[in-house]
């Protein structure tokens, strides 16, 4: 009987926990401008003295300039707001991102372990999608003004379907530090590398395939 009660408590805890959990803790003050010069290493950043707060701490032009989509083989660039370029965002549980995608470029399947994301297409035509934990694909073609939501932690992608024109999107993420993990790079170019036999069995490919994919991804 006692064991049954323990299992029931555990079961109820697992059900209730997701509803109580939040990506980032709530701030305890109006704002906490990041003191980027502090030597302390915290989950976030120490707060600057509020009497030293300036309007400039709450504004940035970091997203105004196009990113370099030639910097990787996929043809995309992501520019983020950070504590360095927008210190007023500290403890707010938010990140903004500028997403530049070259013609036929791709933001490859990836996930954000600590954030949900909403993306709005500003330029071009972008095919977006995510896969849920039952392997169901949700996809949509976005035109300027259209928005799409990617649930927290799920694999998703953005693809510029235009063969000759670049695309531009802006995303908002529900964490100060959302994290990002590209699925293909995590599997094939981790450090140290995942054993070849694991990749061969997981993807049902040959040792030659593993070597080729690693080379293509820069591993």
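Here the Cβ of each residue, glycine as well, is placed from N, Cα and C on the backbone.
Features as listed in TrEMBL:
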- 110, 112, 117, 156: Mn(2+) binding site (BINDING)
- 112, 117: oxalate binding site (BINDING)
- 32-47: disulfide bond (DISULFID)
- 61-211: domain 'Cupin type-1' (DOMAIN)
- 1-21: signal peptide (SIGNAL)
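Residue 156 (Mn(2+) binding site) and residue 47 (disulfide bond) are 34 Å apart (CA-CA, integer value). Averaged across the domain 'Cupin type-1' (61-211), pLDDT for the predicted model comes to 97.
Residues within less than 8 Å, Cβ to Cβ, of residue 117 (Mn(2+) binding site) and separated from it by at least 6 positions along the same chain comprise 149, 150, 156, 171, 172, 173, 174, 178. Each of 111, 115, 130, 150, 154, 155, 178, 180 belongs to the same chain as 110, 112, 117, 156, is absent from that list, and has a C-beta within 8 angstroms of the C-beta centroid marking the Mn(2+) site. Shown are the binding-site residues 110, 112; of these, the residue with the fewest other Cβ atoms within 10 Å is 110.
On its own chain, residue 32 (disulfide bond) has 44, 45, 47, 48, 90, 91 as residues at least 6 apart in sequence with a Cβ closer than 8 Å to its own Cβ. Residue 47 (disulfide bond) counts 20 other C-beta atoms within 10 Å of its own C-beta, drawing on all protein chains shown.
Residue 156 (Mn(2+) binding site): 23 other CB atoms within 10 A of its CB, across all protein chains.
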